[in-house]
There are 2 protein chains.
Amino acid sequence: MSQRQIPEASVARLPLYLRALIDRAEAGVESMSSGELAAAAGVNSAKIRKDLSYLGSYGTRGVGYDVEYLIAQISRELGLTQDWSTVLVGAGNLGQALANYGGFADRGFRIAAILDADPAKVGMTVAGVEVFHQDQAERIIREEDVAIAILAVPGDAAQEVADRLVEAGVTSILNFAPAVIQVPEGVSLRKVDLSIELQILAYYEQRRLVSDDLANGAVRRHLDGLPD
Amino acid sequence: MSQRQIPEASVARLPLYLRALIDRAEAGVESMSSGELAAAAGVNSAKIRKDLSYLGSYGTRGVGYDVEYLIAQISRELGLTQDWSTVLVGAGNLGQALANYGGFADRGFRIAAILDADPAKVGMTVAGVEVFHQDQAERIIREEDVAIAILAVPGDAAQEVADRLVEAGVTSILNFAPAVIQVPEGVSLRKVDLSIELQILAYYEQRRLVSDDLANGAVRRHLDGLPD
């Protein structure tokens, strides 16, 4: 792992490169230029070269980056060369979908236990993982050496559950609950809002409608009263 | 809507500002400085001021941004002042969780129909939405004026399903399937990889382990053979 702290925005792009590289490696590709990696990861190539330079990777002129080597380097940098124990909190629809989602285990994120506040769910097995009562959180986090928790609880329960997990020793929370939560300094928090990406698509859809209208002469039909 | 095309990275941040603003509006806050918005959205304040300047919003010195006005402006810019019909393809665990996820409808994304290739799932109702056979895709997309499709199919089916949706007139795809898919130019594609955020958390977890080790004198215990 590089000694240097990598800028947060660059860290957030490393998984995108990793996904693109693994995809190409599976297709038998052995090296990629920054331009090819840019097309596959959806990031411009100057940014990619900059991001990878933090890892000490500069590629070889005329050859590009060695795919397997770069996969190993990014995996190591991201901490994916070790397995991580996680707890998944919430055994509702979303929690069950997440437990069944193969992509976590593939990347070394093992769900050690599912926790739920509902006694009726305790003892269920989802994707081979047992559901425990939330009261067992402290014990399980300690015994399974869990640092990362995945929150899939209702929005109004999210802050209270997060507080309890942090109290029990969790230092990273991935929040799928539809609520903004606060964590103390020193605890990492990432939020997944499944509607964010839809909103981005809506922007481009609206652009399409407007340019169709412009093409049809029906200028500003979609625009309402707000000033530009 | 502003006439000017906003940079892609800025578009991608607008939903983050919108979420933070709505959260504060619900708490009764009427104005926010760029610094407060920065803290709530997790983006630095210079970037926020730049992004909002594309919308023609500059705030008022000493007062900040008017929360309700900025919500209206961002919503209009993102195309959220109209409702969007979507189809959700895949009625498995993830598809069902997505159908049940309230966050889509809250933002004006109505799921007009759920499609699945499995005849056994046809006729089911998930979160009040009927499941149709995938063969009905063309008809439903036409009749319901669907521009946006949400893909929650197995990875190996994703490309074929995407091709068919595009053929039927869909111009935006939100891909939850664990596969890289290609779409023709003029079609928007966003990919949600639920493990990406976990990988980012793993980076910071690993940093913590290393700094604990450094503190304990057990320098480089976690580092393997790759050169820096």
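Backbone N, Cα and C atoms are what each Cβ position is placed from, and that goes for glycine too.
These figures come from a predicted structure and were not determined experimentally.
Residues B:16-55 are the range that TrEMBL records as DNA-binding region, among B:16-55, B:176-215. Its own atom aside, the Cβ of B:Leu94 (NAD(+) binding site) has 26 Cβ atoms within 10 angstroms in the protein chains shown. Note on the binding-site residues B:Gly90, B:Gly92: the fewest other CB atoms within 10 A surround the CB of B:Gly92.
Sequence-distant contacts (6 or more apart, same chain, Cβ under 8 Å) of B:Ala91 (NAD(+) binding site) comprise B:Ala99, B:Ile114, B:Leu115, B:Asp116, B:Asp118, B:Lys121, B:Met124, B:Val126, B:Val131.
Those binding-site residues from the list B:Ala91, B:Asn93, B:Leu94 that have a Cβ under 8 Å from chain A Cβ atoms: B:Asn93, B:Leu94.
Listed binding-site residues: B:Asn93, B:Gly95. The one with the lowest count of other Cβ atoms within 10 Å of its Cβ is B:Asn93. Residues of the DNA-binding region (B:16-55) grouped by DSSP class, helix first, strand second and coil last, total 28 helix, 2 strand, 10 coil.
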